[in-house]
Ligand SMILES: Nc1ncnc2c1ncn2[C@@H]1O[C@H](COP(=O)(O)OP(=O)(O)OP(=O)(O)O)[C@@H](O)[C@H]1O
């Protein structure tokens, strides 16, 4: 199948990265052939620690979940390899190690699935609880072979330390490539958005439970492989290697080094091994290393801009884009959409059901009635504005329609079909897309990565269309280099790239200068004709509303006070009293 223009540079970058990883591996294997055996042993341990760091880099650095049980997954891998080595003498060691990883993966999946409603510090405590419980169980059971003094003996040639070294680094690089490939799938590309905001992820159609569970599962598999390698390296395992405390030390090192990327994971592996080695040679207490890692990780978390390697690559990226345009310049003329219709309505067959129909919508939040028997109808092919003073309930209305409220009264139909039982991500996948008042796009993604995730696999062809319409900057630009207004426009472009049936925009023009705001209004007015999609837009700027919307509904204190053609509504004395009279920003 021919690749579209946005895919080609991505494939080229992937190929470059994969060949870089293979070249690194070849260099390491050569190095292992020449180094003294003591250093070969240390560097094999560094590769195993790098695997643990990479697994934490996925769950914590990438998805934003603090995990304190990664060494417990390693313990599961180590236990399974020790048991299999006894039960299946002569089995190929790499096969045993992979089986150790495959045993740990499902445990991670289950932990991810049962903890999806728990967040932040509470989730970290749950993972610590799991680590403590497994530690107790392992102390009781012990590792297979320890009782009888039968060590795990890796099969030839991996019984040779140099071959073992090569195996450890090969597995690190192969698993890194697998994680990179996984992060490009629909499931994995949601990981970085989850870190920025679960609400944004759900609004893009990311299935939050599945994405979080998959991250835990993949991380556990990688840590399980590390545990299996430790079984081969030590021969007999003890619980002291896998304590909750050692999970915390690995977490600190992974966060400090920026282990969401291979370079950061390798750095973390090297730190874990070389810092204690240096302290030992200097005659200093080994615990000093852990204190340094913990303080460094604390500083990284406090500043929130990534670990050492992540900052390094972000700095290089920012320098490369120093002179590149980083703002969005929507222009309706680019596709002639400004002439779609003076009033924004597109002629439709009369039989077509409304794009949105909210009947008797009531919402109570914190004991306060925020929406009361609200009725809103948005015809198909229409741009409809929802206006009202601050606190009128406009954003709450969008939250209800897009499935972001735990409960509401009344019914909501989209294209004539009720959507009330559907979750936020199911509504997004069904064609109901939204943007937020405060943009929560992940700044480390590039413009193209965000558009591909937002568009989904069903409509990648719409990406060039929205790119042109909204005047988006160069696709490889990291989003953190864009200002708040441009990020909001990018969110609108992403939502539209999914070719929704209904698009709900929460103050898309906030903070834009007048000229950009006017162009954006003209672009919105043309969306129904261009994309066969109805739009509901919240806005406080009445010039924008006049230019973009054919019909307008006014909310005040959770009740509808008027609805009709925009020009009439903005002249209605009741509306002027309820909204414009209160200094609503006309
Ligand atoms: N989680 C919540 N708990 C309690 N009250 C809430 C909650 N969320 C919103 N509210 C209240 O609901 C009311 C409506 O809020 P909403 O954000 O929908 O208004 P809005 O019309 O969008 O305002 P603005 O134009 O300022 O964005 C406000 O009084 C707000 O304080």
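Any Cβ shown, glycine's included, is placed from N, Cα and C.
The model shown is predicted, which means the values in this text are computed figures rather than measured ones.
Annotated by TrEMBL as transmembrane segment, the relevant range among 65-85, 296-316 is 65-85. Residue ranges 91-111, 322-342 are listed, and TrEMBL annotates 91-111 among them as transmembrane segment. A Cβ distance under 8 Å defines the sequence-distant neighbours of the transmembrane segment (91-111), meaning residues of its chain 6+ beyond its ends; these are 69, 73-74, 76-81, 84-85, 127, 130, 154-155, 158, 167, 171, 213-214, 216-225, 227-229, 231-232. Most Cβ pairs under 8 A with the transmembrane segment (251-275) among the ranges 65-85, 123-143, 204-231 are made by 65-85. It is 20-53 that, among the stretches 20-53, 65-85, 204-231, forms the most Cβ pairs under 8 Å with the transmembrane segment (163-183). With a cut-off of 8 Å on Cβ pairs spaced 6 or more residues apart, the transmembrane segment (20-53) and the transmembrane segment (204-231) reach 3 or more such pairs and are scored as touching.
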